[in-house]
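Report on the following structure.
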Amino acid sequence: MWSAGRGGAAWPVLLGLLLALLVPGGGAAKTGAELVTCGSVLKLLNTHHRVRLHSHDIKYGSGSGQQSVTGVEASDDANSYWRIRGGSEGGCPRGSPVRCGQAVRLTHVLTGKNLHTHHFPSPLSNNQEVSAFGEDGEGDDLDLWTVRCSGQHWEREAAVRFQHVGTSVFLSVTGEQYGSPIRGQHEVHGMPSANTHNTWKAMEGIFIKPSVEPSAGHDEL
């Protein structure tokens, strides 16, 4: 059985955050390689299964019982926005380009929980469960994901992978779909190896203007 948490006025919260980002020095990054930057709010598309990373105030009925994370086909769902943040020690100033190999937190905008994984089996595929955890953006060390990409910085047009710092799995989708109450949504889980099921691309969102110019780099993907 699934359990739903408290409701809320989702759109005012999202609108307030997006307006807060649109201050001098913010806005869409249209220069250079079009980089993803710290503080940006975006949707992430799994490039193989064509679903966006999603969460909502519905908890898993098995495993950890934490807030569920899924993939949805809709492009206009407000529950698919995530904010790029640094670890608890910082290291991701607002507007700085995200480096390939950098560890980040992905915070779900409407619930304030961080993308998280741990050693629980996922409900459908029996891979590693991925959940949303924490309160107001504060969780634990299992919220950290390393951005694996080609070059020096995460480019908006490029495919990337997210490898979990604590358990080394890759954020993945393999096509399994849930029934009620989230019928049609896809299971998101962790897999131990890099493959076509775990490549993601930045899509819709608010991208903070880079505070430094990009430079040539290396290949991490």
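Every residue, even glycine, has its Cβ placed from backbone N, Cα and C.
Bear in mind that the values here come from a model prediction, so they are computed numbers and not experimental data.
Checking Ser64, Ser215 against Swiss-Prot, you find phosphoserine recorded for Ser215. In Swiss-Prot, the annotation motif 'Prevents secretion from ER' applies to 218-221, one of the ranges 6-9, 190-193, 218-221.
When the domain 'MIR 1' (33-87) is classified with DSSP, helix, strand and coil residues number 3 helix, 28 strand, 24 coil. Residue counts of the domain 'MIR 2' (95-150) by helix, strand and coil are 3 helix, 29 strand, 24 coil (DSSP-based).
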